[in-house]
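First up is the structure itself, then whatever we jot down about it.
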């Protein structure tokens, strides 16, 4: 048996996450706090007389990676409390040593300020681009420009070998009922006569979709259709124009597209107004064809 039990890994991951987030978490008491009633915001620690409240830990938890933000505070309370206390002590010690006047600290703070300003600028560009009005306008344009699509109400009989599939097609050619055959060949209680409901071409494996959408209403495939699941015999019961996806179903993709376009457009605008000269590592002029594509900064 390994000395490093797998059950201890989540705890080690949490401790590491707390350590990484600690510089922010330790400042939780200085930040605007979640407004809790006095009875809901008890003192959870006192550090040299300074009180640390539950609301401080709630704020600190929000600085952790996403997976730890989702768990109940009680589940990580001891580790989070210890880490915030430890880092508060370290920060207090740094202040006592007057590190706020140290040039190295000032240099690092200046770089951090630049990064924060950049991120806030990006966030504001993205907020404007992803407002409800902007996304709804994008949605309407997408729906208008999208090519019309059909959807099919289909049935299938799925066999494991080609010979059996050909035998089923021969029975259909002689007038056998498709739904009854589907129940015989696929006797599962969920078979329902092989009914697949309504579906679009993109929702099915390419081979299946190509075959199904090549049929007219009432037709079935005259040869078995092979996919990773086996050999299919497909029948089209009906066809109709497909309804476009709803705004809510499309919102995540619309947001992603809008964010990328907004950042690309803003960077292009800024580059167009600026005089930018780039050089190779050896100082020679930078060849335009060697430029890497612009990658939009991640939204935080």
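The backbone N, Cα and C atoms fix where each Cβ goes, and this holds for glycine too.
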Range among 221-240, 241-260 that TrEMBL annotates as region 'Disordered': 241-260
Long-range neighbours of the region 'Disordered' (241-260), counting only residues six or more past its ends (CB under 8 A): 126, 129-130, 134-136, 138-139, 142-143, 146, 148-151, 200, 296, 299
Residue counts (helix, strand, coil, in that order) that DSSP gives for the domain 'PpiC' (149-238): 33 helix, 29 strand, 28 coil
Within the region 'Disordered' (241-260), residues counted as helix, strand or coil by DSSP: 14 helix, 1 strand, 5 coil
